[in-house]
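*Asks:* According to TrEMBL, the protein has these features:
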- 1-24: repeat 'WD' (REPEAT)
- 35-68: repeat 'WD' (REPEAT)
Amino acid sequence: MYVTASKDGAIRLWDGVTASCVRSIDGAHGAAEATSANFTKDQRYILSSAKDSSVKLWEVGTGRLVKQYLGATHTQLRCQAVFNDTEEFVLSIDESLNEVSLSFFNTYTGNTTEIN
C-alpha cells in the first residue's frame with residue numbers, strides 16, 4: 001500500500017499490487033494542493049500537508065481527521081511535514097516572517113514544542 005498527495009487537495013491510498021485506488025480522502029485540504037503524505041510506521045495513520053499551511057493526521061481505516069497541527073506557515077513548493085524517527089513529533093516547514101525554519105509539534109497533543 002502507498003499514499004499520494006494530490007493537486008486537488010485529496011489524499012489517496014493505493015494497492016501496491018494492483019495499482020488501484022482503495023481509498024480517497026477527497027477535500028482533505030479543501031481546494032489547496034496537498035503536497036505531502038506519509039504513513040506512520042504501523043500504517044494506521046497518514047500525516048499530510050498542503051499549501052494552505054495545514055498539517056493533518058488521518059486515520060487510514062475510516063478516513064477520519066484525527067488531529068490538525070496549527071502554527072506553521074507554508075505555501076511554497078517545499079511544503080512538507082514528516083514524523084521524527086520515534087513518531088513522537090511532527091516536523092513541518094515554517095515560512096513565516098520571510099524566514100524558513102522548522103516547527104515541531106507533539107504528535108499526540110498537537111502543541112508546538114522546542115527541541116533541545
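In case you wondered, yes, glycine gets a Cβ from its N, Cα and C as well.
In TrEMBL, annotation is done automatically, which means it is predicted and not curated.
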*Asks:* Quick test of the contact rule: Cβ under 8 Å, at least six residues beyond the ends. What residues does that give for the repeat 'WD' (35-68)?
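*Replies:* 1, 3-5, 9, 11, 13, 23, 25, 28-29, 74-77, 79-83, 87, 90, 92, 105, 107, 110.
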*Asks:* Going by DSSP, how much of the repeat 'WD' (35-68) is helix, how much is strand and how much is coil, in residues?
*Replies:* 0 helix, 20 strand, 14 coil
*Asks:* Which residues, given as numbers and ranges, are at least 6 beyond the ends of the repeat 'WD' (1-24) yet have a Cβ under 8 Å from it?
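*Replies:* For the repeat 'WD' (1-24), the sequence-distant neighbours (Cβ-Cβ under 8 Å, at least 6 residues beyond its ends) are 30-39, 43, 46, 48-50, 58, 60, 63.
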